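Asks: Structure provided below as C-alpha cells; questions to follow.
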Amino acid sequence: MAEGEDMQTFTSIMDALVRISTSMKNMEKELLCPVCQEMYKQPLVLPCTHNVCQACAREVLGQQGYIGHGGDPSSEPTSPASTPSTRSPRLSRRTLPKPDRLDRLLKSGFGTYPGRKRGALHPQVIMFPCPACQGDVELGERGLAGLFRNLTLERVVERYRQSVSVGGAILCQLCKPPPLEATKGCTECRATFCNECFKLFHPWGTQKAQHEPTLPTLSFRPKGLMCPDHKEEVTHYCKTCQRLVCQLCRVRRTHSGHKITPVLSAYQALKDKLTKSLTYILGNQDTVQTQICELEEAVRHTEVSGQQAKEEVSQLVRGLGAVLEEKRASLLQAIEECQQERLARLSAQIQEHRSLLDGSGLVGYAQEVLKETDQPCFVQAAKQLHNRIARATEALQTFRPAASSSFRHCQLDVGREMKLLTELNFLRVPEAPVIDTQRTFAYDQIFLCWRLPPHSPPAWHYTVEFRRTDVPAQPGPTRWQRREEVRGTSALLENPDTGSVYVLRVRGCNKAGYGEYSEDVHLHTPPAPVLHFFLDSRWGASRERLAISKDQRAVRSVPGLPLLLAADRLLTGCHLSVDVVLGDVAVTQGRSYWACAVDPASYLVKVGVGLESKLQESFQGAPDVISPRYDPDSGHDSGAEDATVEASPPFAFLTIGMGKILLGSGASSNAGLTGRDGPTAGCTVPLPPRLGICLDYERGRVSFLDAVSFRGLLECPLDCSGPVCPAFCFIGGGAVQLQEPVGTKPERKVTIGGFAKLD
C-alpha cells in the first residue's frame, strides 16, 4: 500500500515537473531579443513599448549611421565617480530636490534638454527601426540615453535562468580559490559574497554596513528607475505622454496641462487591470483550448483549400494553354495551305515561262510546226498553237507573279489578348450594390431595386436583408430577415406590416464569396392596408373632356371646342366646367389607403373622398358649364358653410393647382392639421411626387399625406354614414395617375423566336 502511494506521489511530482518545464519553454519565447534571438541583456523599452538589448540597440544604431547616440540608459549609472562600487562611503544617495530648489532651477533655464545648446533650431531626430513591429520609432535627441531599462524584464529573465539551470550555482567573487557558493549579493558593491566575505567587506559601523543584501546574481541592476533627463528617481506617471517622470519633469513646460498621477496610483491601476485580465484568461482555459483546436482545424482546412485552389488555377491555365495550342495549330494550318497554293501557282507559272525558251517546250513545238509545207495541215495545227502563243506573248509583255510572296494578311494582333492575359487575376467579390432610391418604394408590398457600381466584378446572385426599426430591440446582435439567392437586380417583399419603418440592405455573391453590404435604406410602409380600385367613368364624366386609360388607372382632362362654344352662349363673366371621376370601390369599414400622382401642370384638381350618394346627387345633375352661382362642392375647403354647423361634411377634398397644394381659409375650421410642423391653413405648399389618402371609416377622418415621406399634409372630418368612395374633380386641364399596386404588376416578357421568356 505504501509503495502505491509513493508511486502516485512520484508520478504527480513528475507531472508537475513536466508542466513546469513546458510552461518555461513556452515562456522562453517572450524572453528572447528580436535582434540577437538570445535572452535579454539589459533590455531597453522603446517608445513603441517593445524591448531590445542595449548592445543590440547600439549595433542597430551604428548600422543606421548614428554615431555617438548609443549612450547608456539613465537607469544604469555611467560615471565612474558615482558607480556603487567606487562611490565614497561618505557620499549618500541624492535626495529629491525641494520645491524652492525647483523654482530656482526653472528660473535659471534648467528645463532645456541635456546636451542641447540654447537656441538650437534644428535638433537631430534619431529614428530607430523596431525589429518587433517593423516600424520606425523616434528616440529623441539623446538616443538610447533617453530610454528606460526594463528592470522587471531583467528580473524575469534572471528567475527563468535560475529555474532552468541545474547545478549552476553562483560562486563568491571575493573568496580565495576554490571559491565557496555565494549566499548573498550586494547591489551597491555589484558583487556576490559568501557569508564570511559579506561580513568581511561590510564591517560593522561603516557606511557599507548599511548596504542591503540581495539574492546572489550575476547581473546587478539599480534599485529603481532614474529620469534620463535629470538623473532623479521617477515618482509620477504622465498619462498623456505615457511616460514615467520625476519631480523636475512634472513642473516642466513639456508636461503642462497633462494628466499626471503618482506612480503608486498608476502601479495599482495597471496591476488591477493586468490581474483582472490574467484571471479572465486563466478562468477560460477551456475556451482557449477550444479556439486553439478551431485554429488548428482552420490551418488544416487552409492547407487543403490552398492545394485545391492551386489545382484549379493550374487546370484553368492548362485549359487556356490547350485553347492557345489548338488555335496555334489552326492558324499554322491555314498559313500552310495558303503557302502550298501559292507555291503551286508560282511553279506552274515557272513551267510556262520555261516553255518559252529557245528549243524547248512551246517554242520548240512552234518552230517545228513552221516547217510544215502542207497548207491545210499547217492551218489545222497552227490555229490552236497560235492561241497558246498569243497568251504566252501577252503574259510575257505583262509579266506579274501569279501569287504574292508576302504573308502580311496572316499577321496577328494580340494586343487585346495580351492585355487580358496581363490583367488576368483572381476573381474579386462584388462591390457594395447601390440602391436605386428613385425606383425603390413601399406600397402594398416593398419593391427594392439596386445596381452594381461600374467596373465591379459580376455577382451571381444577391442576398437581401431587412428588418423593422420600430420594434423593441432584442438582447444580442441585431437580427435580420434574409432573402437568399435573389436573381436579378430587384426584389419584392410581400405582406409588410402597415405603419412601420423597414431598413433594407443587399449584397452580392459570386464564386469568390460575399461582398460588402450596400448602404441601409429606410422605407415607411403605408399607415393602412392599400385599397385596390379602378376609375369608373359610367356616370358624372364627360367623354369629350375626360380621357381614361385602358387600364382605368389614369385620367386626363382635356378642355376642347365644346367648352368654348358653350361658354360663348352664356352672358356670365366667368364660366367653369367641373368633371368628376369616382373609384369603382366603396369603403364601408376599417382603414384604407391609396396614392396617386397629380400632373404639376394641372390647372385645378381636387383629390379626396365622399359619400357615394352625395357625390351622385351633387355632380350627376350638374350642368356642363356653370357659373360661380352654382357651387358643386360642399364648401368645406372654401369656407362658404356656416362654421357653427358641427355635422361632418359629406366630402373631403385636397385642392391642387399649378404644382401647389392650396389650403383654403376654411380648412382651419373643418380640417385639423396632423402636427404642429404641418402646413398652416390659408397657404400653399409644394406638390409632392405622390399624394396619399388614408381613410379611417370608424373615426370618420381622412388624412392627406406626402406618399414619399409620409409627412402629414391635412386631416379632415368626414361623414361616414354610408359607403365612401374615392373621387377626383377637374376644372380645366389636368391629369391624375393612380399608383399601381406592386402585387398586380404583370411580369414583363421578352419574345424570342416566337417563345415568351420571363425577364
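From the backbone N, Cα and C atoms, a Cβ is placed for every residue, glycine too.
The model shown is predicted, which means the values in this text are computed figures rather than measured ones.
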Asks: Select from 33-59, 681-707, 708-734 the stretch of residues annotated by Swiss-Prot as zinc finger.
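Replies: Checking Swiss-Prot against the ranges 33-59, 681-707, 708-734, the zinc finger one is 33-59.
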Asks: Quick check on the annotations: Swiss-Prot lists region 'Disordered' for one of 203-223, 623-643. Which range is it?
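Replies: Within the set 203-223, 623-643, Swiss-Prot attaches region 'Disordered' to 623-643.
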Asks: Given the ranges 172-231, 352-411, which one is assigned the annotation zinc finger in Swiss-Prot?
Replies: 172-231
Asks: Mind tallying the domain 'COS' (370-427) by DSSP state, helix then strand then coil?
Replies: 35 helix, 0 strand, 23 coil
Asks: Do you know which of the recorded positions His255, Ser330 has the most other C-beta atoms within 10 angstroms of its C-beta?
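Replies: Ranked by Cβ atoms within 10 Å, first place goes to His255.
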Asks: In whole Å, note down how far the CA of Ser330 (phosphoserine) lies from the CA of His230 (Zn(2+) binding site).
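Replies: If we compare the Cα positions of His230 (Zn(2+) binding site) and Ser330 (phosphoserine), the gap is 85 Å.
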Asks: Using the Cβ centroid of Cys227, His230, Cys249, His255 as the reference point for the Zn(2+) site, which residues of the same chain not in that list have Cβ within 8 Å?
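Replies: For the Zn(2+) site the neighbour list reads Asp229, Glu232, Val234, Val245, Cys246, Gln247, Leu248, Arg250, Arg252.
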Asks: Looking only at the domain 'Fibronectin type-III' (429-528), how are its residues distributed among DSSP helix, strand and coil?
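Replies: DSSP composition of the domain 'Fibronectin type-III' (429-528): 0 helix, 44 strand, 56 coil.
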Asks: Here the binding-site residues are Cys227, Cys249; which one has the lowest number of other Cβ atoms no more than 10 Å from its Cβ?
Replies: Cys227
Asks: For the domain 'B30.2/SPRY' (526-747), report the average pLDDT of the model, please.
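Replies: The predicted confidence over the domain 'B30.2/SPRY' (526-747), as a mean pLDDT, is 76.
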